[in-house]
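Here the structure is laid out as structure tokens; the discussion comes afterwards.
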Amino acid sequence: MGLSDGEWQLVLNVWGKVEADIPGHGQEVLIRLFKGHPETLEKFDKFKHLKSEDEMKASEDLKKHGATVLTALGGILKKKGHHEAEIKPLAQSHATKHKIPVKYLEFISECIIQVLQSKHPGDFGADAQGAMNKALELFRKDMASNYKELGFQG
């Protein structure tokens, strides 16, 4: 399940592109998530009222939250699988406070891949996509493992 050094390098190379515009990437990821999986919007009291894509694009709060999500994920990816210290508090809040099911983590992972394909096609070929999929799968597996320890069957 682990990634090779080369795979981590592919992940971090494309992540460097994300970091050039974290709020823009984060906003696009969340809009794709909410449009593609409207049920996920119910977990976000702050965004439930946003019904159209235009309303979502105009929301500074959504942009800020997108930046928060991708900043946290970037911190995890940079640990190259040695991310237990970063995962534990994230799993704790997502299991006990926000009650975000693992399925929703799968949904947002798909959206991240789609945004990277759309925004960075030249830097996100098949090898990079495969590596990012593996990195996001590792993240989800470790979140799920922590959820289980916390007694959350999300």
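Including glycine, each Cβ sits where the backbone N, Cα and C put it.
Residues or ranges marked as domain 'Globin' by Swiss-Prot on the basis of sequence analysis: 2-148.
For S4, the entry in Swiss-Prot reads phosphoserine. Other Cβ atoms within 10 Å of the Cβ of S4 (phosphoserine) number 10 in total over all chains.
Cβ neighbours within 10 Å of H65 (O2 binding site), excluding its own Cβ and spanning all shown chains: 18. Feature annotation from Swiss-Prot assigns O2 binding site to H65; the stated evidence is similarity to another entry.
Residues annotated as nitrite binding site in Swiss-Prot: H65. When secondary structure is read from DSSP and collapsed to three states, H65 (O2 binding site) falls in the helix class.
Within 10 Å of the C-beta of T68 (phosphothreonine) we count 13 further C-beta atoms, all protein chains included. Look at Swiss-Prot and you will find T68 tagged as phosphothreonine, backed by similarity to another entry.
Proximity of H94 (heme b binding site) to non-local residues of its own chain (separation of 6 or more, Cβ distance below 8 Å) is seen for I100, M143, Y147, G154, given in sequence order. Annotated heme b binding site per Swiss-Prot: H94, in sequence order.
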As a test of reading the model: what is the averaged pLDDT for the domain 'Globin' (2-148)? 97
Would you mind reading off the Cα separation of S4 (phosphoserine) from T68 (phosphothreonine), to the nearest angstrom? 27
